[in-house]
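Visitor: The structure under discussion is supplied below as structure tokens; questions concerning it will follow.
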Amino acid sequence: MVSPDTIRTAIGVIGNGTALVLFLSPLPTFIRIWKKGSVEQYSPVPYVATLLNCMIWVLYGLPLVHPHSMLVVTINGTGLVIELVYVTLFLLCSRGAARRKVSILLAAEVAFVGAVAILVLSLAHTYERRSMIVGILGVLFGIGMYAAPLSVMKIVIQTKSVEYMPLSLSLASLVNAICWTAYALIKFDLYITIPNGLGVLFAGAQVVLYAIYYKSTQEIIQARKRMANQVAMTEVVV
């Protein structure tokens, strides 16, 4: 008979795979941003939130905080590097107030996580206390990571267009949240269950919105192309 620990480890490995897909899913978006040299209407909030979430969970999984959490450390460490690349591209391709906002958020996140690490390791002297403190922060920022696209969802509803809410990111978020919720429930870990359970709801809502507004998005894009062609023809005639 397969033990719960073996099943949990297997799901954790699958969760790492889906999380890696989640972290890499915005790649087409950032290739577009890099080619155009502009962030257009894309929001940096999901990527800044994910970066903070990864930093907190790397801290949570360290042997000095929560031993035997190598799966948590490896995937969140990988995600930290990937999200840092995305945020750097945002900085390079944004201007003015948008660039300042991202710079301030990035500096604040690094300072915050550094302060938490120093305080937890110096003032909390047991694994239980360290895990509890960092775990609670992980819950809060994990919820923030999954809830960050809510601002984009608001724009989707207002414009009836999902052009700036990539389906790949929403699907990857949904599958990843399902895997990590299952991982946390087998050997119950409250701190991992709460944010990922809510992540299932948030990501599921994004997929539903995509299905609702996909057709209207295509109509908007086609109308924009027709208008661009008409303008081009007018310029040629003139």
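Heads up, the Cβ atoms here are built off N, Cα and C, so glycines get one too.
Grabbed the feature section from TrEMBL, which reads as follows:
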type: TRANSMEM; residues: 6-24; note: transmembrane segment
type: TRANSMEM; residues: 45-65; note: transmembrane segment
type: TRANSMEM; residues: 71-92; note: transmembrane segment
type: TRANSMEM; residues: 104-125; note: transmembrane segment
type: TRANSMEM; residues: 131-152; note: transmembrane segment
type: TRANSMEM; residues: 164-186; note: transmembrane segment
type: TRANSMEM; residues: 192-214; note: transmembrane segment
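Situate these features within the shown structure.
Guide: When Cβ-Cβ distances below 8 Å are used as the criterion, the transmembrane segment (45-65) is approached by residues 23, 26, 71-73, 76-77, 79-80, 83-84, 86-87, 90, 102, 105-106, 109-110, 112-113, 116-117, 120-121, 127, 130-131, 134-135, 137-138, 141-142, 144-145, 148-149, 151-152, 169, 191 of the same chain, each at least six residues removed from its ends.
Through the fold, the transmembrane segment (131-152) approaches residues 43, 45-46, 48-50, 52-53, 56-57, 59-60, 65-66, 116, 120, 124, 164-165, 169-170, 173, 177, 190-192, 194-196, 198-199, 202-203, 206 of its own chain, all at least 6 residues removed from its boundaries and within a Cβ separation under 8 Å.
Long-range contacts of the transmembrane segment (164-186) within its own chain (CB-CB distance under 8 A, at least 6 residues past either end) are made by residues 4, 7-8, 11-12, 14-15, 18-19, 21-22, 25-26, 28-29, 40-43, 46, 146, 149, 152-153, 155-156, 192-193, 196-197, 199-200, 202-204, 206-207, 209-210.
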